[in-house]
Amino acid sequence: MLTVEKLVKRFGPRVAADTVSFSLQPGEVLGFLGPNGAGKSTTMRMIAGRLEPDSGRVLVGKHDVATERRAAQRLIGYLPEGAPAYPSMTPRSFVEFCLRARGWSGREMALASAEALDRARLGDAAGQRIATLSKGYKRRAALAAAIAHDPLLLILDEPTDGLDPNQKDQVRALIRDMAADKAIIVSTHILEEVPAVCSRTIVIDKGRILADESPEEMAARTRTGRLDDAFRALTQTVPAEADAA
Amino acid sequence: MTAGSSIAGLHAVFRRELGSYFTTPLAFVFLAAFAFAAPAFAFNVGRFFDTNRADLAPLFAYLPWLLMILMPALAMRAWAEERDRGTIETLLSLPVPVWAASLGKFLAAWVVAGLALALTFPMWIAVNYLGAPDNMAIAAGYLGAFLLAGAYLAIGQALSATTGNQVVAFVLGVLAAFLLTMAGSPFVTGALSSAVPAWLVEAIAHLSALERFSAFQSGVIGVKDLVYFLSFIAGGTAAAGLLIGASRAGGR
C-alpha cells in the first residue's frame, strides 16, 4: 500500500529526514515515535504530498507522489499536526468541503459526511462553528475530514494530542476499528497508547530510523520490558539523571 | 478525470471561500463600508450635484482610490490566513491543483467585489431620474471598475501568498495597488526619471491602471484595455498559485 524509499529532506543545515525507508500493508497500524523535532511530521507531510522530498520516493498504491501526486492524494487521508480546521466553518461543512474537493457530491457526499461525523463522535457539535468548539471537538472535526472519503492510507499526526483520557480512548478505538482494511500511520509521543493501537513501531530521531519492529520487540529491548525505557535507550545517548537515581 | 477533479476542487474552494466571507462579519462590514464610502466620495469630494451633469463621473473618479484600499483588505486573508491557521496543510493534501485553489479564491473575492459595486446602483438610478445620462458609458464604467477591482484583488492575493501575516499582506497590497494606479502620474515618473532610463519610465507609465480605467469611463471598451486588466488578473492568480505550490519545496 505504501512504500517509502530513502526520503531525504533538509531545512537549511538541519536534516529533517535522512534516508527514511519503510513500507506498510493494509491492516498494519504503524506507530511513528520519536522526540520532538525528530522528523515525524516532516516524513508524514512528504507522504501526504504536502511537502516535496529533496530525494527519495513515496509510492501510494501504484502512484508515485512526486509524479502522480493527485492520484496518490485521492487514496490518502491526512490529519496534519495540530489538526487545523477553518474556524468559520462547522465540522459538517468542513467535512463536506474536503469531500467536494475530492469530487464527491449530492447524496453520496451527505452520507459519507454523516458517517464520518458519527465515527468521530461529533454529535451535536457537527452543526456548530469550529471557532466555538473545544480543542477535543476541533480535533475530531479534522479527524472526520481525514477519514470521510474512506482512504486506503491514513496518516494521523498526533491524533490524541490535547485530548482528555476519554477522548483518547475513543480515538484509539476508532483507529482500531478502521485498521482492518487500511494502512494507518499514527505519530505520537504518548508511549502508553502504542501497545493499545499499533501493530508496529518505528522510532525516528534526527531524521533517521532507529528501530522498526513490533511494540513487543521494542519493549523487550530493555530488562524492564517497558516501552518508555526502550524509547529512552534508543533516543538518548546519555541516560537521564532520573534513571540513575 | 483530471479536468473534472480540477473543476471539483475549484468549485469546492470557491464555495468555501464565498461562504467564509458571509459566515463571518467580513463581507457585511466590507459591503457596508463600500456602500457608505462610495457615495460619500462622490457627493462630497466629487460634488455629484454641483457638476450639473447627469452622469456617474464623480463616482468613477474616486472609485480607484476606494478600491485601492478596500480590495487589498478583501484579498489579504486569502493565503496568509491559511498559513497562519495551518489549514494550508489540509488544502495542499487534497487532490486539488494549486491553480484551481487560487482561481477559486480569486473568483469568490471577485464576487464580493462585484456585490460591492452593485450597491452603488442607486446612484445610477438617481442620475437617470435627474437627467438623461449615457447609460452605455456608465455600463462600460462599471465594467472597468469591476476589472480594476479584479486586478487589485489578484495582485493582493498573490502578495497574501508571500506571508503568514494578514497585516503585512494588506500593506503590500495597498502599496502595489497604489503603484499600479499611479504608474503614469508625474509623481511616479518624476521620481523614477532620475534613476532609470527613459524607455523604462515610459514602459512603467504605460502600465498605469488609471488611464485604462478612464477609457472605460468614457464608454470605450478597448480590446487592449480588456487584455490589460485580464492579464493582471491571470498573472496575479497564477503567481499566488506558483508561490503556494513552491511552499511544497520547503518551509511552512
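These residue numbers are counts, starting from 1, taken along the chain as shown.
From the backbone N, Cα and C atoms, a Cβ is placed for every residue, glycine too.
Straight from TrEMBL, the features:
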{"type": "TRANSMEM", "residues": "B:21-42", "note": "transmembrane segment"}
{"type": "DOMAIN", "residues": "B:59-199", "note": "domain 'ABC-2 type transporter transmembrane'"}
{"type": "TRANSMEM", "residues": "B:62-80", "note": "transmembrane segment"}
{"type": "TRANSMEM", "residues": "B:107-130", "note": "transmembrane segment"}
{"type": "TRANSMEM", "residues": "B:136-155", "note": "transmembrane segment"}
{"type": "TRANSMEM", "residues": "B:167-188", "note": "transmembrane segment"}
{"type": "TRANSMEM", "residues": "B:226-246", "note": "transmembrane segment"}
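Listed by sequence, the residues of this chain that lie at least six past the ends of the transmembrane segment (B:136-155) yet keep a Cβ under 8 A from its Cβ atoms are 55-56, 60, 63-64, 67-68, 71-72, 74-75, 106, 109-110, 113-114, 116-117, 124, 127, 173, 176-177, 180, 209, 212-213, 215-221, 225-226, 229-230, 232-237, 240. The stretch with the most CB contacts under 8 Å to the transmembrane segment (B:107-130), chosen from B:21-42, B:62-80, B:226-246, is B:21-42. Note: the domain 'ABC-2 type transporter transmembrane' (B:59-199) comprises 117 helix, 0 strand, 24 coil (DSSP; helix = H, G, I, strand = E, B).
Counting same-chain residues at least six beyond the ends of the transmembrane segment (B:21-42), those with a Cβ under 8 angstroms from any Cβ of the stretch are 48, 56, 58-59, 62-63, 65-66, 70, 73-74, 77, 108-109, 112, 115-116, 119-120, 122-123.
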